[in-house]
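Listed in Swiss-Prot:
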- 1-32: region 'Disordered' (REGION)
- 8-21: compositional bias 'Acidic residues' (COMPBIAS)
- 24-106: domain 'RH1' (DOMAIN)
- 70-164: coiled coil (COILED)
- 107: phosphoserine (MOD_RES)
- 130-201: domain 'RH2' (DOMAIN)
- 166-190: region 'Disordered' (REGION)
């Protein structure tokens, strides 16, 4: 049962070796630093050694050769460490995938939550930010608030009209205006109508609805 994967890995390694042979050692220099392997480091070492040998046997070339070898050893160590870290991450990823699959198989009650329906929800009673009112209750509260706000605006406009003198102040029960109320009822009715019209105009002007 395990032979096919081994054969596939061998085939992949064979393909990589063929590609490396076709490209040659120079192909290692064109790779990204994150894609380098130990074989690529060996190819780079071969290229640099060949170039140094072409320079001759000058003592300075020999000293430079030792430095280049040291740098290549450091590069090889970094590449090997990166490869090991990558393999560890892949193994951890596969392990986590298996754990997630196992948890999904062991937790079928999650399907029960879907059966609540589109118009239902689960509320945590210990959550201080949980919803405490229904949507209809909030709508009623907002409607009542807007109604009271409009009434307050009317009262404020009427008070402003009294203060500015647009509406004359009313006298008390013992005043002359109340004594002559029967005689001047028609005038008062017309005046009250005019006062309401002024208040209405002022209110609509404040609301941006002047007629």
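Residue positions begin at 1 at the first shown residue.
Glycine too: its Cβ is placed from the backbone N, Cα and C atoms.
Since we're looking at a predicted model, the values are computed, not measured.
With DSSP states grouped into helix (H, G, I), strand (E, B) and coil, the domain 'RH1' (24-106) comes out at 74 helix, 0 strand, 9 coil.
Note on the domain 'RH1' (24-106): its mean pLDDT in the predicted model is 85.
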